[in-house]
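Colleague: Below you will find the structure I want to go over with you.
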């Protein structure tokens, strides 16, 4: 074994099983899908053929049907992610700051109960709630708020409610962790230095929670974009999402080549969103840093932006999982 | 001064109200399902009369019980396999020499699995299992349960790895060095020092893999084989035909069991001296 080889492998021996598994059961099959996307469907009974390689399937993907479903999916996932963020920021702040520490654990556990309830079953709960002859509809009619039965099930609005509900815990959790680990000391320091409540929130708590916001948004956006279960339970025919189109090519149309091309487009798109989000987060952080800087009268600039994430003491971030986005959060010292 | 106090209590009140509203939102559909599981009627959505008929007939329904068992078996297998892979991977990543290239590559590969939409995993796995099982003659790949475990593990290993890496990153590696200085072999120091230290992370990772597998619908619907239909896939196909109260009844029973199991895990963690916030965070994988 040459020393260079040893230097490259180093202490990686322990990670070999993980490497092998992920390459064999993730990288290889996905590479196979990419390969299929250059093929074609020769006849009714064959799923794909690789005898003639072309980009033809990608041209087929960019059809009006696909594009309209694609835009609709995008609208639902962007609105869904933003709505989750708007709901979760005050909630996570309340949980991390206002709730007495003794009760925090119990309430956090309660937030996770939906997370541990089957995804489909929760969605079925919404189907019952939103149904035109359900109890909500009858109650609303009873008190005269609605003249006719509730007409929301099997519409895009129902899908929107369903996805916001299903992915909300994934937004609350990283936000709570980020706001909680910032600790009470920095907020007290900010108040001692004369900042009001809102100023402390926008210049100390929120910037410190940026990694949580980024991971929360990605944790919600990525699975939401690929999800079609919620949409097909609550949206019916009006709830076609992009994932459904891909699945149809494999499960019904038996056109693996076209389905693969759609899947590759979906994957590249998701990846692009992740990269753009990461870049945007960096820009926003730089802006917050610039706007939030404090000019000290002595002209000393050292430590002027104590409120931004980069100046967080390393130890306080160590316990964060940084799940999906280890590359995009600032990364702990051990990353 | 009094004005300031009143204004502060106003935002506080708003936050408490918001907290309550979000909790109602989070529990509304679950409460509905639990309530409707006591529906004696024929269809889930139209409430007929109160009773436990759904529980009785649900537990006697062989198809339902078989699919729940398939799900539980697949989730157990996934939790075991993903935890072993994630523990090795997570510890190796946390203890990697600074400046080495492989940790970056492995992290990138695992992160890639997380940003890959589930439907892509599904359509990638299906032809791959056919290739391995039929073309290459590796018969286990034709077994429904085996397929579910392999696919769910590929899907959840990344999260387990990251949970354990985060846990180990917070622990000083000098503890292991001390063990080796005191004469322990590399293996003994790993078994007697590193593994116990990673304990809470391993537990959280296993729990996470179990839940992910139990909940998985899209990936399972691609790789499943006749006779091995997992519970979520059963429900999803029932949605398209007609939903009977049995689905709600069995789901409620499963929820109660899950919560009991989680309470037990919480108790174990509490006895090892964690604060309640910490316990929940550990269990949620943060």
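Using N, Cα and C of the backbone, Cβ positions are placed for all residues, glycine too.
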Colleague: Transmembrane segment per TrEMBL: which of the ranges A:52-73, A:74-95 is that?
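Modeller: It is A:74-95 that TrEMBL describes as transmembrane segment.
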Colleague: Pick from A:20-38, A:134-152: which range has transmembrane segment per TrEMBL?
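Modeller: Residues A:20-38 are the ones TrEMBL records as transmembrane segment.
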Colleague: Do we see three or more Cβ pairs under 8 Å linking the transmembrane segment (A:74-95) and the transmembrane segment (A:157-179), pairs being at least 6 apart in sequence?
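Modeller: With 3 or more qualifying Cβ pairs, these stretches touch.
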Colleague: Quick check for me: are there 3+ Cβ pairs below 8 Å between the transmembrane segment (A:20-38) and the transmembrane segment (A:200-222), leaving out pairs under 6 residues apart?
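Modeller: Since fewer than 3 Cβ pairs under 8 Å link them, the transmembrane segment (A:20-38) and the transmembrane segment (A:200-222) do not come into contact.
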Colleague: Under an 8 Å Cβ to Cβ limit, what residues of the same chain, 6 or more beyond the ends of the transmembrane segment (A:256-284), are close to it?
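Modeller: Long-range Cβ neighbours of the transmembrane segment (A:256-284): 30, 33-41, 47-49, 57-58, 60-61, 66, 210, 213-214, 217-218, 221-222, 225-226, 242-243, 245-250, 325, 327-328.
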